[in-house]
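Peer 1: So Swiss-Prot lists these for the protein:
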- Thr10, Gly11, Gly12, Asn128, Arg170, Ser199, Ile250, Gln295: UDP-N-acetyl-alpha-D-glucosamine binding site (BINDING)
Amino acid sequence: MKVLFAGGGTGGHLYPAIAMAAELQRLSPNVSVAFVGTKSGIEATEVPRLGYKLHLVSVRGLKRGFSPKLLIENLRILFDFARSLGITIQLLRSEAPDVVVGTGGFVSAPLLFAAQLLGKKTLIQEQNAFPGVTTRLLSLFASEVHVAFNEARRFLLNKRHVFLTGNPARLFQPMDAAQARARFGLQHNRPTLLVFGGSRGARSLNNAIASQLDTLLASVNLIWQTGSLDGEKLKAEVKPSPYLWMAPYIEDMEAAYSAADVVVCRAGASSLAELTNLGKVALLVPYPYATADHQRHNAQSLVEHGAALMVADSEAFTKLVPTALELLQNSGKRAAMSVAAAKQAHPDAAGVLAKRVLGLSR
């Protein structure tokens with residue numbers, strides 16, 4: 001059996017595919033797995049590093065907006081898409097996969113479209129509450145579409161063969177909170193706030209925390225992942241404190257999650273899957289420039305289920321710290337939110353998806 005995956009550009013699209021591929025080979029060691037990607041995406045280095053075969057195609061996403069310059073650029077992009085479609089048709093004929101899986105990003109569009117033209121079984125895994133253009137268009141003819149948020153269904157024209165499966169994500173084993181705090185050199189009996197914003201960091205989160213750091217540290221521990229963008233600057237400006245751990249990157253996320261009573265972060269699909277799998281209480285600040293504002297849709301889904309609170313990026317400077325402190329001081333509200341978050345969890349998402357792929361091949 002052969003399975004071809006397409007999804008990349010960013011880790012948010014690639015890592016669900018990698019999790020599914022690993023689970024497929026665990027369930028059925030004879031399955032042959034390969035990936036399709038671009039040389040500019042994260043998949044160009046990550047897929048070979050993990051030992052998977054990678055086929056490269058040249059394709060780019062359409063530019064949003066309207067101007068003569070953008071029109072010309074989009075015409076070039078459409079020409080590249082047509083050329084990549086021809087290449088992927090040849091690839092599908094030579095590789096002859098039993099199932100083609102798309103996990104989003106513009107790289108998945110030509111492969112899924114070509115597979116549908118050739119009558120191949122296709123499975124789409126959509127990570128966000130607001131589906132991308134590729135999912136919305138190609139879901140019409142997909143064998144199965146798997147969504148991570150039930151709200152995504154209403155944006156799909158063909159609602160048959162749509163399943164709520166969740167997002168494959170890293171699974172962490174919860175540890176004792178006091179022991180986890182000790183790993184960061186923090187007091188075991190203080191409420192603890194975890195703030196992170198991705199590898200580069202989130203400037204609006206950093207600015208909000210820095211502006212009211214003394215207020216925070218007066219009553220709570222803070223684990224603060226600053227990211228590479230502001231890391232050195234903040235390190236030079238912030239005074240050491242026994243209640244503060246800060247660094248550009250957190251190596252031990254399992255301990256960081258376990259130490260935290262409240263987590264402040266963006267609303268990317270992978271982060272939300274990790275949070276709900278652990279039943280963590282979250283204060284979400286959606287990235288305002290995400291495509292089609294999909295992070296806001298993701299956050300809104302959890303808010304509507306009572307599983308998170310949300311602060312707009314534009315209001316983070318004034319509202320983030322007061323909201324976080326209020327939540328840290330309200331144990332009853334945190335307990336209810338934790339239960340609600342756990343109800344949105346899909347810790348077995350990778351396994352369920354792998355079994356669906358195997359089922360399509362039969």
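Our numbering is plain: 1 for the first residue shown, then up by one each step along the chain.
Each Cβ is built from the backbone N, Cα and C atoms, and glycine gets one as well.
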Peer 1: With the UDP-N-acetyl-alpha-D-glucosamine site defined by the record as Thr10, Gly11, Gly12, Asn128, Arg170, Ser199, Ile250, Gln295, how many Å span the farthest pair of C-alpha atoms?
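Peer 2: Spelled out: the longest distance between any two Cα atoms in Thr10, Gly11, Gly12, Asn128, Arg170, Ser199, Ile250, Gln295 is 25 Å.
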Peer 1: Sequence gap of 6 or more, C-beta under 8 Å: which same-chain residues meet both conditions with respect to Ile250 (UDP-N-acetyl-alpha-D-glucosamine binding site)?
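Peer 2: The answer is Phe196, Ile223, Gln225, Ala256.
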Peer 1: Looking only at DSSP and grouping its letters into three states, which state does Gly11 (UDP-N-acetyl-alpha-D-glucosamine binding site) belong to?
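Peer 2: Reduced to three states, the DSSP call for Gly11 (UDP-N-acetyl-alpha-D-glucosamine binding site) is helix.
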Peer 1: Where among the binding-site residues Gly11, Gly12 do you find the Cβ with the fewest other Cβ atoms within 10 Å?
Peer 2: Gly11
Peer 1: Hey, does DSSP put Arg170 (UDP-N-acetyl-alpha-D-glucosamine binding site) in a helix, a strand, or just coil?
Peer 2: coil
Peer 1: Quick one: give me the count of other CB atoms within 10 A of the CB of Gln295 (UDP-N-acetyl-alpha-D-glucosamine binding site).
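Peer 2: Cβ-Cβ neighbours of Gln295 (UDP-N-acetyl-alpha-D-glucosamine binding site) within 10 Å number 27.
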Peer 1: Which of these binding-site residues has the least crowded Cβ, counting other Cβ atoms within 10 Å: Thr10, Asn128?
Peer 2: Thr10
